[in-house]
Amino acid sequence: MPKYRSFTTINGKNMAGARALWRATGVKDADFGKPIIAVVNSFTEFVPGHIHLRELGQLVSKEIEKSGGIAKEFNTIAIDDGIAMGHSGMLYSLPSRELIADSIEYMIQAHCVDAMVCISNCDKITPGMLLAALRLNIPSVFVSGGPMESGKILVNEKIIKIDLVDAMMHGANKNTSNKKLLNIEKSACPTCGSCSGMFTANSMNCLTEVLGLSFPGNGSLLATHIDRKNLFLKAGKIIVRNTKNYYENNDSSLLPRSIVTKENLKNAIILDISMGGSSNTVLHLLAMAYEANINFKMIDIDLLSRKVPHLCKISPSSSKYYMEDFHRAGGVFGILSELNKINLLNTSILNILRMSLEKTINKFDILKTKDKKIISFYSSGPGNKKTIYPFSQSFRWKKLDKDRISGCIRSKKYAYSKDGGLAVLTGNLAKNGSIIKTAAITNQSSKIFSGPAKVYESQEDAVYAILNNYIKSGDIIVIRYEGPKGGPGMQEMLYPTTYLKSMGLDKKCALITDGRFSGGTSGISIGHISPEAANKGLIALVYDNDIININIIDRSLKLKISSDEIRKRKEKEENRGIFAYTPKKRLRKISDSLKIYSMFATSADKGAVRNIHKINF
């Protein structure tokens, strides 16, 4: 039977000093012997998805203490990708995932903590906390801050929903007046919470539901709604129960590595493909597999992407549906129910509620349930008032969206496509794979695209070219040396794709990169090209006006040049000596911390994790 980890710091005469310090934090005589549970918060005033989390940590802590534990809260960092985007700040976003995981490990191990509740929300924070949970393998519960309400503006006497991407797009549109832009800017992000579409943050929070590490509704219930409070209260209760079961009853079935198996990672990517989630989720699931030592690779994702139907389109893939609409349609378990009907899921896996996925689907499927509490829960909707406060409104829809023909969630028979919203492309340009969010392609004829390359060695140069009309219809923009190692940091390319959209070129051009894309990206945008340019990938040898062939139907990405020409270009590149496979004209200041990240970073097909085998101990 495992011993409480915290006993290391509280038992025995020689731990008098440690106990004295625990007492100084408020621990009483009667508390010693209770499990010490960390509340890992990510409150910050920099990020709307985290602005409201300050009090929520205390909410969870009080519930832990009521339930028989000692709660101790600490914070991680949290970067807002939207604010960091379009300048050198984005270099720090992906590396922050590792920094978050490491900082949690340091705090948990240094203080011999028994378990943790992770309060996350936005893009790299949820993945960083997931990596930490798998690394530490102690009882863990996830509860996120929840999605933002969609923005609303009045256009021709009709309410139109908008989000952050609309503000970016109109910011680049020369035809948008300053008055109209200001109205959009003030309306796009009306409340606290993670941005209102199926971008990276909400995609990852939805995946924690199917992974079994959070409660139903965690990914879809609005940050502002009163019902969300119960998720935090429940987290405090459940973590104490699960912690005692592990340490006192030797029950390891609900540890992160027991829950997150290869079959469960498959469930997660199946959900992601069917709901057209962010392509960044692929990166994070691969990193989780690495952390848990699970043999889950791009080939597994490729095989699943060919047979999972696309059942849901939410902004940025749709201008009609947002996270508030997704929740009304049953959220994650609404989609899982449809996927289970066609036998795509492994439903025997347990979750933190100690329920199998099968039982959880049956209980929370809005098409089946007669439970008034569950019906009321999924009726939660937007308050449509600007606020930075959680639990500040209690609006409920009079009717749920149970339409599986043309509603927010569809059945297989009425799917948007037979194969899902994400696809893996391979070929000589992406030997180890690349990712495209097919859910974001509205023009089906764009699934086969061929054109001349326009090559740029930084996102900044590509943006300049787009905004100054150097890009023409039919071009394929190549942005290289923006991978995990080459960037370093694998920047998101939301600005280039948004600017293409603002200039009416999003359906007439393609963009390929060894960098990555925001969950808000649309159009023919292929990222995660592996190996990246800095790891001697063929993308480093593409020249202007080379013809590139993209075939999403056949899952291929090819540079149309001969093997002899490739050999000559390799020789020429390698003759650059120590400067081989580095950008030729880029002016970019790289900090020491980013240089360290670059030294160990792997390409996207490995989840952009650090290759620790480069370190000899």
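Heads up, the Cβ atoms here are built off N, Cα and C, so glycines get one too.
Within the same chain, residues at least 6 positions away in sequence whose Cβ sits under 8 Å from that of Lys124 (Mg(2+) binding site) are Ala78, Ile79, Asp81, Ser93, Leu94, Ser96, Arg97, Ile100. Lys124 (Mg(2+) binding site) carries neither a helix nor a strand DSSP state and counts as coil. According to Swiss-Prot, the feature Mg(2+) binding site maps to Asp81, Asp123, Lys124, Glu492.
What Swiss-Prot lists as [2Fe-2S] cluster binding site is Cys122, Cys195. Around the Cβ of Cys195 ([2Fe-2S] cluster binding site), 32 further Cβ atoms fall within 10 Å across all displayed protein chains.
Annotated N6-carboxylysine per Swiss-Prot: Lys124, in sequence order, evidence recorded as sequence analysis.
If you look up Swiss-Prot, you'll see Ser518 marked as active site, proton acceptor, on the strength of sequence analysis. Neighbour list (Ser518 (active site, proton acceptor), Cβ cut-off 8 Å, at least 6 residues apart, same chain): Asp81, Met85, Phe199, Thr200, Ser278, Asn280, Glu492, Met493, Leu494.
Shown in sequence order, Ile79, Ala84, Met90, Ser93, Leu94, Cys122, Thr200, Ala201, Asn280, Ser518 are the same-chain residues outside Asp81, Asp123, Lys124, Glu492 whose Cβ sits within 8 Å of the Cβ centre of the Mg(2+) site. Between the binding-site residues Asp81, Asp123, Glu492, the minimum number of other C-beta atoms within 10 Å of a residue's C-beta occurs at Asp81.
Cβ environment of Cys122 ([2Fe-2S] cluster binding site): Ser42, Val47, Gly49, His50, Ala78, Ile79, Asp80, Asp81, Ser194, Ala201 lie under 8 Å away, each six or more residues apart in the same chain.
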